[in-house]
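Heads up, the thing below is written out as structure tokens.
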Amino acid sequence: MAGNTIGQLFRVTTFGESHGLALGCIVDGVPPGIPLTEADLQHDLDRRRPGTSRYTTQRREPDQVKILSGVFEGVTTGTSIGLLIENTDQRSQDYSAIKDVFRPGHADYTYEQKYGLRDYRGGGRSSARETAMRVAAGAIAKKYLAEKFGIEIRGCLTQMGDIPLEIKDWSQVEQNPFFCPDPDKIDALDELMRALKKEGDSIGAKVTVVASGVPAGLGEPVFDRLDADIAHALMSINAVKGVEIGDGFDVVALRGSQNRDEITKDGFQSNHAGGILGGISSGQQIIAHMALKPTSSITVPGRTINRFGEEVEMITKGRHDPCVGIRAVPIAEAMLAIVLMDHLLRQRAQNADVKTDIPRW
């Protein structure tokens with residue numbers, strides 16, 4: 001299986017399956033001398049891990065990360081950093097009934113078509129369980145970006161089903177189980193989740209991620225544009241079906257006179273572009289949104305076929321999230337951090353000596 005690595009100078013390679021012994025990743029390109037401990041990674045892993053609220057899957061994994069290499073006496077050595085998380089709460093028997101059945105809306109059918117076989121236990125490699133390692137690697141990038149460049153990366157839920165969520169107060173995001181920045185909508189979200197659990201159904205969501213303090217100049221035209229790499233990274237997250245940068249698809253209804261981000265001596269007067277122009281960061285906030293589909297792991301019966309071509313009824317058992325968008329927030333932050341760190345290292349490698357007299361805000 002190819003496609004397990006992202007990045008060029010800052011490279012992250014993950015391995016492992018949902019019900020395997022462990023998940024792991026190798027992180028290459030981390031500069032030496034950066035203070036790093038397992039505790040630095042654990043905070044974001046705790047934000048993502050399952051079983052932390054009644055609104056997410058009740059699979060209870062501690063997700064305790066171990067640093068296997070690349071750190072000596074509390075600082076990075078510049079060599080490959082090996083990370084490992086053991087799986088401890090697998091219930092593979094929950095999936096024995098579907099070993100020959102293709103769950104609709106999942107990767108069962110496509111994995112078997114591609115490889116001729118599949119790990120049916122929780123989806124195997126296609127499970128979002130894999131994203132725990134992305135979050136661990138992303139925590140390294142977030143620490144580096146914050147300490148060396150003052151870059152802050154934050155994410156939140158901005159829509160669940162037909163409930164839009166305004167970014168009113170970032171401080172509220174960590175104070176509720178929905179990563180919701182709008183305290184006035186918590187009761188509505190709670191009511192929706194209760195209804196979904198009662199119905200045995202699920203719902204989609206929109207997640208927004210914002211990077212502040214990003215310097216101008218990141219991005220490698222033409223095929224490695226910063227927005228292209230961000231879209232690639234976010235689209236690689238399980239259940240993501242759409243990505244927008246800045247105003248995204250809303251620009252279709254705008255005139256050029258409305259959409260252009262005019263510049264005065266005081267700086268940009270708007271940010272419809274989401275902080276990226278011509279594939280290169282402008283120094284404004286980088287803003288990206290991603291749409292996540294409702295999970296197909298529901299108890300509402302549905303039609304499918306088995307590997308023998310017979311039509312069967314499918315009712316998913318096991319422990320699943322009614323809205324996968326909730327736990328996707330720290331994953332989106334991690335993927336944005338990975339892309340930004342990679343591009344910062346690339347910019348430093350090629351253009352460290354470039355100086356301009358153009359104003360920066």
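FYI, residue positions are counted from 1 along the chain as it appears here.
Cβ from N, Cα, C; glycine included.
Record features (Swiss-Prot):
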- R48, R54: NADP(+) binding site (BINDING)
- R125, S126, S127, N238, A239, G278, K293, P294, T295, S296, S297, R319: FMN binding site (BINDING)
Chain-internal residues near T295 (FMN binding site), provided their CB is under 8 angstroms and they sit 6+ positions away: G105, S202, A239, H320, D321, P322, C323, V324
For the binding-site residues R48, R125, K293, the one whose C-beta sees the most other C-beta atoms within 10 angstroms: R48
Protein Cβ atoms within 10 Å of A239 (FMN binding site), excluding its own: 19
S297 (FMN binding site), number of other Cβ atoms within 10 Å: 20
Neighbourhood of S127 (FMN binding site), C-beta criterion under 8 angstroms, separation at least six: E17, S18, N238
Rounded distance in angstrom between the Cα atoms of R48 (NADP(+) binding site) and S297 (FMN binding site): 19
